[in-house]
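Engineer: My questions all concern the structure below.
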Amino acid sequence: MGVYSRTPLAFERGEGVRLYTTDGEAYLDALAGIAVNALGHSHPKLIAALKAQADKLWHVSNIFTIPEQVKLASALTDKTFADVVFFTNSGTEAIECAIKAARKFHWARGQEERIDIIGFDGSFHGRTLAAVNASGNASYLEGFGPRMPGFVQLKFGDHEALKSAIASPTTAAVILEPVQGEGGARAVPDSCLRELRALCDQHGVLLILDEVQCGFSRTGKLFAHEWAGIEPDIMAVAKALGGGFPIGACLATARAASGMTPGSHGSTYGGNPLAMAVGLAAVEELASPALLDHVAEVSGYFTQQLEGLKARNPDVIEEIRGRGLLIGLKLKTPNREFMQHARDEKLLIAGGGDNCVRLLPPLVISVDEVREVVEKLDRACARARGA
């Protein structure tokens, strides 16, 4: 189907933060498959884990115990607020599970009217029908019917509207990204996350955090909500969890997941042995203190260098935003054109809302490679100025 507006580039291999086209050209990857290849391309531990599991077992139904699934679930619950995990193949599937769990939680308590999911403009939670209804981009709903009942959209940062909506007797949960990705790398202030957690507790509303893009050490903490010192009831993760292999997960407290009884949800491929083996290897690397220290060091340097870039190009760059290695540049020139200027410099970056471009490099990027990214961005700014 013609659903992708593809760039005329074809890559055949990758190594670290480099991608190589079928024509042999090298590109510096500050996109990482949109925050997927967090450990870079061709990471030896991920390759070894995949090959080892491929020689043993690829798929077995979830009607059986899957040892690899138990291992990864234990690794995730040991490192997070969660007591239980449901494995999926993608982030949007994890969001679907989160929404179902939140509604089922209230239903099981005799509160069938509590179905409303509160979301925010600029948010992105996936492409399935419930996920686009929870998201804040109306264009993704065009042609698919009206917004479904049970989904409420609020303006990002409108605290009074949020307080009123949470107090509604039909509200089941609030869903948000601690750092909006597609919305333009907008970080929710830590104080606002703490206030939101308190409001949810006050009114018996569940808090769902979407850390599909900002999770797994991208902000300098294993999960972005840790900066605020809060814990969600339910969390959706994916992308970096597989380092490039399709995998997602819905994490929850035992209380929040208490309505999810046998037969209430399921997945054919979710939690398959291949994905679990790669995911376990990825989590071991992503959660390592050494990587977290590296992200803190490199992201601080990156932000400093980008502020210098902005100072040199005030007619092109309006603002630097985001957190850690989820960085947004709000532009004064069209972002789609700027992305092409970056590609002309053999640099891959992502688009974003609010006329932003996003920098989402592999977390293993070095200081020297950061410097190279900034040099290429400087030349892209010159191209934008001359366009």
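Each residue, glycine too, has its Cβ placed from N, Cα and C.
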Engineer: If TrEMBL gives Gly91, Thr92, Asp210, Glu211, Val212, Gln213, Thr268 as binding pyridoxal 5'-phosphate, which of Phe64, Phe124, Phe245 does it give for that site as well?
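Structural biologist: For the pyridoxal 5'-phosphate site that includes Gly91, Thr92, Asp210, Glu211, Val212, Gln213, Thr268, TrEMBL also lists Phe124.
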Engineer: Which one is it: of the recorded positions Arg127, Lys239, Ser267, whose Cα lies the shortest distance from the Cα of Val212 (pyridoxal 5'-phosphate binding site)?
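Structural biologist: For Val212 (pyridoxal 5'-phosphate binding site), the closest Cα among Arg127, Lys239, Ser267 is found at Lys239.
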Engineer: For each of Thr92, Gln213, Ser267, Thr268, count the other CB atoms within 10 A of its CB; which of these binding-site residues has the top count?
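Structural biologist: Of the binding-site residues Thr92, Gln213, Ser267, Thr268, the highest Cβ count within 10 Å belongs to Gln213.
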Engineer: Of the recorded positions Arg127, Lys239, Ser267, which one sits closest to Gly91 (pyridoxal 5'-phosphate binding site) when you measure Cα to Cα?
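Structural biologist: Result: the closest of the recorded positions to Gly91 (pyridoxal 5'-phosphate binding site) is Lys239.
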Engineer: Of all the recorded positions given, namely Arg127, Lys239, Ser267, which is spatially nearest to Gln213 (pyridoxal 5'-phosphate binding site) at the Cα level?
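Structural biologist: Smallest Cα separation from Gln213 (pyridoxal 5'-phosphate binding site) among Arg127, Lys239, Ser267: Lys239.
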Engineer: Sequence gap of 6 or more, C-beta under 8 Å: which same-chain residues meet both conditions with respect to Glu211 (pyridoxal 5'-phosphate binding site)?
Structural biologist: Glu177, Pro178, Phe223, Ala224, His225, Met235, Ala236, Val237
Engineer: Give me the CA-CA distance between Lys239 (N6-(pyridoxal phosphate)lysine) and Thr92 (pyridoxal 5'-phosphate binding site), in Å, as a whole number.
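Structural biologist: Answer for this pair: 11 Å between alpha carbons.
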Engineer: Which of the three DSSP-derived classes (helix, strand, coil) applies to Asp210 (pyridoxal 5'-phosphate binding site)?
Structural biologist: strand
